[in-house]
């Protein structure tokens, strides 16, 4: 609501140029009269007045000429009541009966324009003092609904009851020090006040008493200025305020009976800015009144659940604002679970493990054939076993991270992959040694027998085991709550603990893969119809490409996506090794058995 202060010289200029349609006025009828005259001169209508008690019952403005400007005025008025025989008393009042009462003299001068006791000061014509009240004095004689007079009436009776109780006090039973009473010839105001606060009586059907603070129980009528049958203004009660009611129930308004300014039944609106709904806050416009503001939506993570909030409250750490910014709701917890992405990775893992076991079964059934025995079948079974573990360990990345799963997923992955690459490295060395041993004077195969191959595999894998053990002892992986990447969610992920150890694990696997790739590349042109070095070269090329692509993808992916990237890299590299190393052999075993001979594989069959 806009509030304006008008100077006496220009009382209505501000209102004339303002957008305000509701004006709160604190004034008595004497102060309001010149202001209202200026208002009528400028023909300013449509103002909804909210009047103070002194103005809302001013009958001087009840004429029909005031209705276009003051109609619809509403405000609190002192409760009206009935004063017994007041009208009869007023008819007996005259200066002859009360010659020493100055108020009666002033009343007579105001009503009749004459003085019952002429003097040089008043300079008014004399009158008898027994004049009869005329019809034009009806305002003076109207005692049907007194308000201020009724309040004075109750006050006089309250003082009377207090004095009566004070005089009835018995010494030794009084309310003051040593149970004393007030002395009738020396009564102090505070003594009378004590009895006044304790007084309780009924008058005109109303109970009168005072609370502990000395305040009377408030009763007010809500008065609305409405058009009467003759076009004048009538004061209509449209509600009341009863201080005896419970808190929140004191005010009773009959809204359907209210008539607003302009003879409208709808509540007028007088605001510079509409109220800010919950979910937004007020932003004051620079250089404008405080009631003029913009409504700014709360930022993400902040709420306001009240109308016209001046600020938005920040949600607790584990909570986030809803879409309307009116309440804090629990943050959504995310991790790689068995949703569409998790199910896809699970299916790939199970399918890969089944393919590996199927290949293992085929090799076992044909373990005595040349293509299985030509390059150490034991190494082939070791590789298939390691690949099966690789496929299955990708399942550890699916599900809610726990302390044990975080440690197991990284160590199991690194050890099984290292075991697989160690076996391929051993196979590569055997291939090189086998063809080198065919040259005269070379006897390398005695240094790469089955025992030495197992030693190479164990030694290479043991290095990874030592790195993982140091990792777990010093700073193992642990579950963590990532709230920084996306503030509206809590991403459960496995922190690697020691970044140095994590990259050492990956670096060692990369070192093994590069060594294996170089050796296989050197042996790719060795003679033979089935040169396994070519397939090892292809498998290592795919393996290295997958893990080189993994590094930037892993670094840039948060939470469950990082786990999905790592799981996918394991599956992709495992599938690459499986198909590059074993698909050609399985093809010959199952579909080209005529080529499954030692002579054909060595390129020495007769043409």
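Cβ coordinates are placed from backbone N, Cα and C, and glycine is handled just like the others.
Annotated by TrEMBL as transmembrane segment, the relevant range among 456-473, 474-491 is 456-473. Of the given residue ranges 303-326, 567-590, TrEMBL assigns the label transmembrane segment to 567-590. In TrEMBL, the annotation transmembrane segment applies to 411-435, one of the ranges 261-285, 411-435. Across the domain 'G-protein coupled receptors family 3 profile' (341-605), the model assigns an average pLDDT of 80. Residues 375-376, 379-380, 382-383, 386-387, 389-390, 393-394, 396, 444-445, 447-448, 453, 456-457, 460-461, 463-465, 467-468, 471-472, 505-506, 508-509, 512-513, 515-516, 519-520, 522-523, 526-528, 531-533, 536, 539-540, 543, 566, 570, 573-574, 577, 581 of the same chain lie 6 or more positions beyond the ends of the transmembrane segment (411-435) yet place their CB under 8 Å from a CB of it. Note: the stretches the transmembrane segment (456-473) and the transmembrane segment (341-366) are not in contact (fewer than 3 CB pairs below 8 A, sequence gap of 6 or more).
Residues 336, 345, 348-349, 352, 355-356, 359, 362-363, 366, 369, 371-372, 380, 383-384, 387, 390-391, 393-394, 397-398, 413, 417, 420, 424, 530, 532, 535-536, 538-539, 542-543, 546-547, 549-550, 553-554, 596 of the same chain, all 6+ positions outside the transmembrane segment (567-590), place their C-beta atoms under 8 angstroms from a C-beta of that stretch.
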